[in-house]
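Note sheet for the following structure.
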Amino acid sequence: MAQILESISVPPVISKEECIYCYQSPYNDVTLNELTCSPRHSLNVCLHCFQSVCGRHLALHYQVVLNVTSSAHSTYFNLAKVKKPEDRAEQDIKNKKIKLRVVEKSEDEIYENLWSLGEFDETTLSLQSLCTSKDANLSDSVISKANQILSSKSQDMVDQTSSWELTIKPCPHVDNFQPPRLELTKQAGSACTDCGLSGNLWLCLHCGNVGCGRNQVGVEGHSHALKHYESNPTHPIAVKLGSLSKNASDLYCYSCDDETKFEDQRPFMIALKSYGINLEDKMASEKTLVELQVEQNMNWDFQMTDSAGKDLLKLKPNQEHGCGLINLGNSCYLNSVLQCLFNGGVKAWSLRGLGQDFPQDVVYPTNNLTCQLIKLNNAMKVEPERYPEGIRPKSFKKCVGQSHQEFSSERQQDAMEFLGYFVDVLDKNMFKNGFNPNDLMKFAMEDRLQCVNCGKVKYSSEAAESIQLPMPENDDPQDLVQIITQYFSGEEVEFTCPHCKTLVKAIKKPAFNTYPNTLVVTPARIRPINWVPVKTSNELSLPGLQNSNETLDISQFGSEGFDPTKEELMPEDENDTRFVPNPTAASQLAEMGFQPNGISRALFSTGNSDAESAMEWLFQHVEDPDLNEPFEPPKSSNSATGDTLKVNPELLDNMTAMGLDQKLSLKALVLNKGDVNRSVEWVFNNMDDDGELPQGPTVRNPKDYGHRTPEPYELTGIICHKGNSVHSGHYVAFIRQVVDNEKKWVLYNDEKIVVAVPENFEEMKKNGYIYLYSRI
């Protein structure tokens, strides 16, 4: 036994949070004194490859390794964690203020470890114990090696920083802020100058006015600070007096309608001193905006109680409703999208075709997309009853987002962008041939372009996965059917007519060539206010919300096609495939301060139609690292090979000189667009990959997607976002399901699954971000 352990070199990082094939963890919600038998939950750390497997999948791991490497991984370190008894001090910790950050607490403060050393028996397909942590005669070498395994860093801790906080950035008004002149200063008051309120007070940094804030999360306020700004539009910056301390403060820009901060603290300190405030003597006396926001997000719970104050009906995990998804710190956007896909928001979407069994040739399933999808599907649809507390989709998120800078981060993301990204990943890597569940959302969208000058027309058709509806720039209630009607009525654009040979006005009008199984509708709730993207919350009336028998009719928006008796086609333009940015829109965007490459990229992505659409796209992609990189529009080609697969030979030589496989290095450079650092990381994370370069996808006619004839559509899913900042807030999903033989809305709020109540309807109208209508 000692010889086995002494020959092992323990790595500094071991993934010992969950099984590589399922979501079994080593954590037990009982104390050692409460145990009457072996712990229910434990993991077996393979002492050959240091992957963790549960008892159910121990034989699978052993057999896969044997198949691939012809070697036996037979020795395992079994680990179970049980809770330490709580004392009063620990109970007090739970009652402290919540902050918008995830601070890792040492597991040693919460759990104690029970371990044993075992050897896999091929006959019984189980682990035979060699020794346990309770044995009294353990040698020092065995104890030392066991402690090394226990004290090694967890993979989660390495993947995620020890603390995540909401990122607050300076705004232009802070950058241009000038501290008040000394002769204008006055002592800051201790009550609102308008109503006398003594709490929730905001100090105008421009003039020293003290006004109360907004009424939110049970904090009284009458918005007099906001009204002061509305009367004095050159005074946008205010600080919350109760938040002031030596190390922190709440700063708000009313013009940008968002939190902000001073990069250089000197102007801020000068302004505060002008009003008699010394931060050295201050201590925060009220909850910060961050703390209030988390309280709101956690209590957002989208009305987790009914009008009588009773808890909503909680649904147990099963194959109909799936299981909950635990928030990883900022992954509610991912959770809401996955729930809608797996649990009926997109009707009939399923990964059933992948099967339940894992590939027998993948030793490291954590880095394999197929394995991660099977693992996720097994938990959500095959055996959700195993996870009454929900699952942590950590390995799935890491695997699916590893090639994307934003989706591999811990930051809040846009749910619609993730849906598009996830669909694209599956299309390219999983469903090149055969049935593709993503096709349920695809359809052919026609664009009819008619020159106002000569009257000639041009028809084009392309595959689409959603329709994004512009919202009127006001805060009035809106009607979804009216907005859809307006969208399909067309718009006036500028383009170079191949017949008129000049820049002319044209009417561009979309229409359905085919109709999808599920129509994804996204109202454009992100609106630029003073050049800052702000999310609006117009109330949106929509068919089928309260009455499941009410449907959406889109038959009137179908294409009538080219009519040769009434229309004449434009001549083909020899340079039609060459993208030329709309000069009028490009000029307008340049005046706003956007860069030429970003402008071209935005216009190309929005159909080269107008500045407004491109500007919305720019705001949504402002943090993309390649936004202002040189832009070359994709060539019209049916192949994904060719130029896209060419790499710098020097970079390839550098990687092979490091001892990396040439085939894997080539693929890594292709997938990561020549980024050596990310390519090297990709190789290390994908040692099992076959190195085959991606083949060009079979180009399908857009009209192959969807149905030729229209049918009524019922509302089956809604993804809601609460919060007025695009960088924060909280996502949940509502899915219409059968509960007790009746169609009801089911709310998926991370790990919580409950039956929604009528009080939720207002939130669904105001905060609906993605609406899913499925064909009846």
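Cβ coordinates are placed from backbone N, Cα and C, and glycine is handled just like the others.
Look at TrEMBL and you will find 169-279 tagged as domain 'UBP-type'.
His224 (Zn(2+) binding site) has a Cβ environment of 20 other Cβ atoms inside 10 Å. What TrEMBL lists as Zn(2+) binding site is Cys192, Cys195, Cys212, His224.
Residues or ranges marked as domain 'USP' in TrEMBL: 323-776.
In three-state terms derived from DSSP, Cys332 (active site, nucleophile) belongs to a helical segment. Residues annotated as active site, nucleophile in TrEMBL: Cys332.
The domain 'UBA' feature in TrEMBL is assigned to 571-621 (among others).
Annotation source TrEMBL lists domain 'UBA' at 646-686 (among others). With DSSP states grouped into helix (H, G, I), strand (E, B) and coil, the domain 'UBA' (646-686) comes out at 29 helix, 0 strand, 12 coil.
As annotated by TrEMBL, active site, proton acceptor applies to His730. When secondary structure is read from DSSP and collapsed to three states, His730 (active site, proton acceptor) falls in the strand class.
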Secondary structure at Cys192 (Zn(2+) binding site), reduced by DSSP to three states: coil
Distance [Cα-Cα, Å, rounded] between Cys212 (Zn(2+) binding site) and His730 (active site, proton acceptor): 26
In the chain carrying Cys332 (active site, nucleophile), residues 6 or more apart in sequence that have Cβ under 8 angstroms from it: His730, Tyr731, Val732, Asp750
Zn(2+) site, defined by Cys192, Cys195, Cys212, His224: further same-chain residues with Cβ within 8 Å of the Cβ centre: Ala191, Thr193, Asp194, Gly196, Leu197, Leu201, Gly211, Gly221, His222, Ser223, Ala225
Local confidence of the domain 'UBA' (571-621) - pLDDT mean: 79
Sparsest-packed among the recorded positions, when each Cβ's other Cβ atoms within 10 Å are tallied, from Cys192, Cys195, Cys212, His730: Cys195
